[in-house]
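Chemist: I'd like to ask some things about the structure below.
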Amino acid sequence: MKIAILPGDGIGPEVTREAVAVLECLALPGLTLFEGDVGGIAYKRHGHPLPDETLDMARAADAILFGAVGDPTCDALERHLRPEQAILGLRKHLGLFANLRPARVFAGLEHLSPLRADIAASLDMLIVRELTGDVYFGAKGRRVSETGEHEGWDSMSYCDSEVRRIAHVAFRAAAAGGHLLTSVDKANVLETSQLWRDVVIEVAADYPAVELDHMYVDNAAMQVVSHPDRFGVVLTGNLFGDILSDLASAAVGSIGLLPSASLGERETAFGTFGLYEPIHGSAPDIAGQGKANPMATILSAAMMLRHSFGRDAEAGRIENAVSAALADGVLGGDLGGSHGTAAIGEAVRARL
Ligand SMILES: NC(=O)c1ccc[n+]([C@@H]2O[C@H](COP(=O)([O-])OP(=O)(O)OC[C@H]3O[C@@H](n4cnc5c(N)ncnc54)[C@H](O)[C@@H]3O)[C@@H](O)[C@H]2O)c1
Ligand SMILES: CC(C)[C@H](C(=O)O)[C@@H](O)C(=O)O
Ligand SMILES: [Mg+2]
């Protein structure tokens, strides 16, 4: 079972270290870890945010544990050399089109949410975000208009096969879970979204037990914090999913709590090949200070055990250890506590 560890920039290495220690604590036989450079650190060492040797290592692995990329000192670089291209490149090159971002308030931990406890208690949703299309990967550029204005432009598009395959992922999740699927779009304005909606309705015919609902993204943002009980599985595109998942993390309590799995179609000898990462970024404002909450990355490692290695029991043990630590008041600064990164990692391992 080969895992490529890609810590990246900022708090990436700090949170990844704790998740790796959790994996090592389980002492699973046959686990081999390799480490590679991605992001700003890779640009500085190798001249590219996603060097060939890192991509080769990722391809040769059964799963990838990713920290975060992003470095303010790289913001003036040409776009293709910026740290963020590492994660976008991995998703695209490895065909990881299905991004699962579960957001739930653990029972008894409603007080961590900024929402009223009775509202927070019902927050348990799986955001299924399309990850290799949309305005993220369309043509983009700069031009000077006829009136001499400088314009930046990006093109948003989805083709039906892209929508169909992510819709199947979401419908399967809804069929297996609570049977409620909300497709989030902006079909009242965007043609890309109208096609999205048409294809989702077509796919729904294969899943008669699933209750399908459509919601515009602006309304969805409002409902996530006012009526989270209205959501089970949320199916959405790349850009809307990016924004809604940060919003959902804040409703849970902190962005330091939300893990993710990015999956494609490739199966390995052990499960589905995937990349696992916290939904947060490199957090330059707290990097290097031992303040980052590593729980999102630890929970991402649990998702890896479940999806890529068929180790549901161990995944559940990690999730229980995290929720027990939170219940015992092991809180990082992001949750109003004073536990540092290493102390949180230690507390989770102690409960494991
Ligand atoms: N997948 C990724 O690698 C990824 C994801 C998001 C942003 N980014 C990049 O990260 C850089 C910073 O972006 P940003 O500031 O918009 O978003 P961010 O997620 O890095 O940080 C947003 C805020 O949340 C806090 N935060 C984030 N993770 C935390 C954690 N684990 N514990 C405690 N607090 C935490 C940060 O301190 C900051 O105040 C940018 O370069 C951005 O492009 C990368
Ligand atoms: C860093 C950036 C490219 C990335 C995204 O927008 O997908 C991040 O925000 C995320 O949520 O993983
Ligand atoms: Mg994001």
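We number each residue from 1, going along the chain as drawn.
Yeah, the Cβs are placed from backbone N, Cα and C, and that goes for glycine too.
Those TrEMBL annotations? Automatic predictions, nothing curated.
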Chemist: TrEMBL records Arg91, Arg129, Asp218 as substrate-binding residues. Which of Arg101, Arg230 is assigned to the same site?
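Modeler: For substrate, TrEMBL names Arg91, Arg129, Asp218; of Arg101, Arg230, the listed one is Arg101.
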Chemist: Far apart in sequence but close in space: which same-chain residues, 6 or more away, have a Cβ under 8 Å from Lys291 (NAD(+) binding site)?
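Modeler: Sequence-distant Cβ neighbours: Gly332, Gly333, Gly340, Thr341.
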Chemist: By CA-CA distance, flag whichever of Arg101, Arg129, Lys186, Asp218 among the recorded positions is nearest to Gly281 (NAD(+) binding site).
Modeler: Arg101
Chemist: Looking at the recorded positions Lys186, Asp246, Ala283, Ala287, Gln289, which has the shortest Cα distance to Asp218 (substrate binding site)?
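Modeler: Nearest in space to Asp218 (substrate binding site), counting only the recorded positions, is Lys186.
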Chemist: Quiz question: given the binding-site residues Arg91, Arg101, Arg129, which has the greatest number of C-beta atoms lying within 10 angstroms of its own C-beta?
Modeler: Arg129
Chemist: Which of these recorded positions (Arg101, Tyr136, Asp242, Asp285) have a C-beta closer than 6 Å to some atom of ligand 2?
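Modeler: Asp242, by Cβ distance under 6 Å.
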Chemist: Which binding-site residues, if any, among Arg91, Arg129, Asp242, Asp285 have a Cβ under 6 Å from ligand 3, given in order along the chain?
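Modeler: Within range of ligand 3: Asp242.
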